[in-house]
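One structure below.
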Amino acid sequence: MRREDSGQLHNSQRDFNGSYKKLSYLAQHQNDINSRAFSRRNQTSNLDSPQKSNISLSELKLNEMIADETWDELDDFHIEELRDGFFDATYTRPKRNIVPEESFGKKYSNESLTIHNILSNILNLLKDIKNKSIRDWKRLLKFFLAYFIAMIICVIHPSGKCIGHKYRYFLPISVVLHHPARNIGVQLEMTVESCIGLTFGLGWSSLAWYISTATGPTASHQGGILFQSLVMALWFSIWLKAYYNRLFYFCQSFGITILFTHTVDLVFHPSDLKWMLFRDFSLSYVFGIVLSLLICAVIFPTNGNAKMIQTLDDTVNSIKVFLMTLVDKENYNNIENISKAQKDMTNHLNVKLSLVYRDFLNQFTIFNFKSSNLKKLRDSLTIISSPLRVTPIQQKLFDNQVLDKLYSEIDDRKRNIEKTGDTLDTDAIPSEYNTGTYTPVTGVHSPNMRYNDSLHQMENFYLNILKKKFSRNTLHLILEMIVVIDKISILLQLYKSQRHNKDKINASKESLHKYKLKLQRMIYNVDTSYNNFIKSNLFSEEIIKEFDCVDIFLFIRYSRSSAKHLIEVLNQTINLDEDSRMRISSPKLSAFRTLHRLPDQCLMDQGLGKSLVYFETKKDVDEIFERSYNSYTSRHVYNKKDNTFPSTRAIDHTDFNFHTTQNSARFKLWKFSKLLSGREMKWTLKCLFCIIFLCLPTWLPESYRWYQEYQCWWAPLIFFILNHNKPAGKLLYLGNRLLCGIIGMFWGWAACQARHFGSPYVICTFAGLICVPSAINQLLYKNSKTSNTTMICFTIISLEAFSKDPYTLRTSIIWKNCWTTSLSLIIGIIVSVAINWIFWSYRSRSELRLAMSYLLSHLSQSYQSIAERYLYRDLNDDPTELSIMFSHIREVRLTRNIEAIRQVLDRTRREPIFVSNFNGKKYERLIDACQNVFERMIEARVSGTYFEIWNQDLNSDVTRALLSLRRDSTSSVIYVFYILSNCFRSKNRIPRYLPSPISARRRLFDFMSQFSKSIAVTSPTKIDPEDNLEKQLFKRLGKYQNNEDQLLNDNCEVSSTEDSADLDEEARWKDIYGVAFARSFTTVCESMEVLTQCCKDILGEEFY
């Protein structure tokens, strides 16, 4: 709430007790600043003024953005906000942007329908199938053998009658649902769950059968008893399967048993009960589960080692590919290719590795390595991702000429070593390159060059200096990192394929130890080059005013940090096989996570794919924010008084209620009621309605005979097997599933209708022919539901007629059984897809809108955390290891969350659109904008770890004067995030007037520049012995820069090192980190305008 006149401004001190109890620096010196005709609306930065470099660089960028946009700020009448919890927002007059509407979906031209293109696509598909089949032939073979053996057992009449008589087809159906192309641990867990579910289902059904015929009245109304029993059992089963994903196979076996036993037979007297049905069904179903387990354990067993090690190898190789693109002579300036390699590396480090590692911890495995060693290796790779993902890729340290020269030197060195017969050391550097002395660049620098020459010429001068000083050592460092990564990859492959060959493994370890020493030497060379450079007169404030020069410094620093972290990766790789022995590993995740997470292969088999990943990542992000907000991360220790109450810093509504509600039972009751009315319960009610509707004829005396004779109970059973509550496909999705089902029905009829009716040889041949493409479709292309539909329909139609008397089979009998049962299967298939289109359906579009709301909220909290814990932290309160650990976890999980949101966006394109005009391209642009803001936040977090903003202020008066301006700049960004997030949550339009982060930040830098200019004019530069080293460095740089005559006549001799001799490594980089941090926060403000515009394109703008 603002004051409208200056008279009320002075009274605000008496009305409110805020942090700003005194008037700001601007209010105290208003007359003095006005006398200098200072106005923040028309103030432009003066780059020639003696100001800090990070101020000049960011202010220049802000001025350029404002000049390009020509924003018109609204007058605030110089009214200041001095209360706690409030800030002064800077508003600009909104621009009217007309965004052309884009049609959703792709427009296909008739050119793609030519015969040549169709044949070309078919050939490409066949080649792709061939390549993938060769790569995964073991899994395909296991799937084929299990199903083929099951069919052979069924078509042999003695074994078929023993297994299940006319219900023998549950044996191959059970094999399809529990196929053996999995790890042994997952298969064993699945077997145990399914057997327990089958046992509980048989027990429940036996009780229902007994009660339904216990007395005369109940026997005459058995359908009503079975109806009640089925509703109670499936209500529990479907809800449990939807909420606790880990119990999927238990609930699936339990549900199949309940549906079969409650619909297959209706009697009216206890003597008519056919208890052999329980034996036929259970025996065939259990034999299928056991057969899959035996095939999994005997034929090419996998225990989890290969996938985990291969993922680690792929991850380190993605780092190698990224480093190679940076020093590639052919593509060093191909920004698109380098950016793609960087994104692929980030995806491997933060997404793929994390998912595979979590999946590994979520299952029973037989593993050769200690889980603690594996965790250390994973953590070391996660840590190395931070400097690599923020490494500037548009740096100008390398160009074609420099790379040709440096690679030629390396080749000459190799040839000289080969001629002399010395030990080959391809990374050896001549001693004259390690000195760090300055060699003039011909044609660029001359003693008569004026200081005020063209900016481009000066920029080239600085770039040539940096290339001359750092390109050689930096290139050698990157090349050595590539070699080390290649050796790590070799060792990982030995762990994977030849872990029993200790000689090769030990030799590889010895080689890694040698390359570790070389890498440490390269790091030392880079440090030496930089230390010598900053001690010379070449290192001035002007050189870090240039964007390209700052990028070069950051590139060197992040390369050096990555190399240091790579040494830890090397050590952990060597130590991975310590205490290597065969051990059974149980799930390491918490019980809550374990119950809500299925192994990835099981998710694929159920047709869920990655649909559950988003909900998991969101919970993970919420959890790390809650931990960070409710953990004490400061280095300062405060003594708690007895009369103080504990305070809780709540992260969200749930956490707030959990910690503040006096009666915890109320909150738990609310959670329980929410659980009973959640989406899982709504899905359960929908499924129950469909199942009851499809089962109704079996409980009525007028219709139960034909319903059971033609096995029409397969309609609810196939519906129960195929339905899932997440993806909702278009009509094409329904057409694909229905077409695959019809193909399976036709193929089953053809197998029985062949020349010799019901020939077992023909049926097995047809089974093998249809099993191969179905296995490829399921295992290689992840189309599990369509493959299961084909296999189940074929099995039912082919074995139903075959299980009857083979001597009475003829065309009419086969056809009648085929079309009646097929009609039931078709009805069940259609309902299994259409259920996701009716009320209470899961819509990815609605979930995407909520996902964007949560993402914007998480970005806001990340920005607030960085500003609080890194930028504006207390003096001598550097981030602790706990703070940095929370930051790493937050960055990894947010990266996974953004990728999961992209997957939600992809699913929206496969959903039917009946009403809403949804445009996926707009959401794609918004997600890209959020990704860009998040990357800039990571840069700011990495840079903000190594410097303190308060030490860069000129004096305490300036610090006090800038408090409100810094508050306004930070709060503007947080407030805009808050508004955008809530608009997505509430489906409201974006307000026309929002605080301008760019204007607020420009105002901050304008005042910083003005104060610096005023103080520089009124007081000479002195070195206060009580100042910290960084202040002394800036003061020396300012004194050197302001002395133009010294700059013109100086011959670049090394200056005195009396004061800088005590600077440690971090202090030498603080000025670079300060510039990088200021630039990152400025880029965040710039990206906020793009982010806001993307949100307005989606939600619209409020009109007045």
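Cβ from N, Cα, C; glycine included.
Under the heading domain 'Putative ER transporter 6TM N-terminal', TrEMBL lists 134-218. Annotated transmembrane segment per TrEMBL: 140-160, 223-241, 247-268, 280-300, 731-749, 761-781, 819-840, in sequence order. If you look up TrEMBL, you'll see 847-1032 marked as domain 'DUF2421'.
Listed by sequence, the residues of this chain that lie at least six past the ends of the transmembrane segment (280-300) yet keep a Cβ under 8 A from its Cβ atoms are 138, 141-142, 145-146, 149-150, 153, 163-175, 177-182, 184, 187-188, 190-191, 194-195, 198, 202, 253, 256-257, 260-261. Counting Cβ pairs under 8 Å to the transmembrane segment (819-840), the stretch among 140-160, 247-268, 731-749, 761-781 with the most such contacts is 731-749. Using a Cβ-Cβ cut-off under 8 Å and counting only residues 6 or more beyond its ends in the same chain, the transmembrane segment (223-241) has close neighbours at 201, 204-205, 207-208, 211-212, 247-248, 250-252, 254-255, 258-259, 262-263, 266, 680-681, 683-684, 687-688, 691-692, 695, 698-701, 704. Between the transmembrane segment (140-160) and the transmembrane segment (761-781), the number of CB pairs under 8 angstroms, six or more residues apart, is three or more, so the stretches are in contact.
Taken together, the residues of the domain 'Putative ER transporter 6TM N-terminal' (134-218) have an average pLDDT of 91.
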